[in-house]
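Pulled from TrEMBL, these are the features on record:
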REGION    102-121  region 'Disordered'
COMPBIAS  108-118  compositional bias 'Acidic residues'
DOMAIN    130-209  domain 'RRM'
REGION    233-268  region 'Disordered'
COMPBIAS  241-254  compositional bias 'Acidic residues'
DOMAIN    269-313  domain 'F-box'
């Protein structure tokens, strides 16, 4: 590094040569390149820079160096700088000029080694030895605190903390200058415990050295080795005559092979920061949302990688992240901060598990920051009609919207949603009391899945709109829609011919078995749920079994009043049936199970809490249904260990394993012998719910009542009768107790 005084002397020498009239410019190689100086007049010390290319033609040189053409002394540049511009000069004059140039360059070299310049260089080196780089500074530490902390090593002349040029936030590093070199060395060599400030250990490094990580150095060495290996070409296969050629080959190999092998490009990974960006991104992608926010404070590189990871985020779910019981719910401000990072790329947003304190402001943030959103689960969020309208206007690409338990959303908001979101395919409006169904007049032809579970306010007009405007529905859930009548169901079964999944579970006040039999008019039906429906009878099952040839799943749980063994005999004619749930049916016997087993293709059967199912029914199902994989008879108390032991011999020759659930039965697990081939698996869990059992009243009467007679021991005569009457009165009515006392 050259001092300012040395540069001034170079310019003075240049001007002195200009006074001689030669106007030759020859800057030393040590000065910065990029500018050539010329004098504005032949003998004036004023000079101006030329910032064009170093290569000029003779005409260009004359135009640039001579403002007014005149027969003056020829001005020229160093031939090393512009060789092509001197081709027209005669050699004799050029040689003399070059000799003068060489003399000038020797003088320059002698000036470089002058004592004054050496002192200047030493002074600069001493200055940088007193200046240190300080890293890992806490963001809460101020410049004064850092100066006072480092003053214990010596007098601090200058202290600086680098800040962001826009937000003026500290970047976590700075520079400090001590008054003496010894003080700076003392600070650098101090133990780590003396460099801890605000919970962080400071890093002190020389300020004039470039900080290059070990990984980059090793990578550079590895790149050089690869380049050297690529330049080495294999010797041609030829026969070498004599020992002379062998020696030549050995000499060539000796020249190529270094004396000491270069260091390995990869010794160890002592720090996670040694990983490349792509590998570190794969690691950071496994972090949860809170941890991903925290790593942004580690360093600038991790913040950059975290933001890069956020920008590629397509799905965002808060399951298991925020909890209102722990006092850490998801607020609107937190949601907005997250959507600022990933809103542009977000395709799916799930707020179902973190909707406790979210309101209409959350919908405003989503509509403003997530223009490409396709899936939104806002179940439980306190939305309004206006907020739903904003979502529909700002997020027109929505394909699936789930608004369960959004009590404040009514027909107007849903009207805008169905009107503006033309790509809507899935809509879940469960448990919305204000829904009447008139909004379905705006439903698009793309709507395929509609869930209306628990919508007790759905009227006949709404059912009519669904039947006429949603003709292409493939999945429909109407469980708990209490106002549905026979006419409404008939109209829907006539128009919704594309239905594949139909859910009519629950009690319907105005439905009869005749209208439910109209479900058989759905030719593409594959899944049907009629659980807890008291209107389902054997005739309904017969109509469905005869018409729905593609039926694969049927649930008739708790249809105890109208389902008997006759219904199972009808189901045996459903060739496509694979899964059957017939839990808590009090009129099902082994005879019905025998008829059902003739179908032979069932894979899953649930018969929980059926009091008349015995070992015979279990054995015939296992023996005839060769593809059976699950048999749940938990709560069937007449199933014993003998049935399970017999099943071991039946399934040993099958290709698929069978799982039998025997919790709540008379099967003794300790007496069972394990299947050596592992084809039979026993599950001892009891999935039977006591309040659903058809024989729950009989079971309650069989339990021993509490022996309350022992509580009256010690009473004699009228005292015993009075105590018994007092117990009756206390357990019956307080007013009767008061009347008894007053009497």
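The backbone N, Cα and C atoms fix where each Cβ goes, and this holds for glycine too.
Each residue of the domain 'RRM' (130-209) gets a DSSP state, and the totals for helix, strand and coil are 20 helix, 30 strand, 30 coil.
For the domain 'RRM' (130-209), the model's average pLDDT works out to 89.
The residues of the domain 'F-box' (269-313), classed with DSSP into helix (H, G, I), strand (E, B) and coil, number 32 helix, 0 strand, 13 coil.
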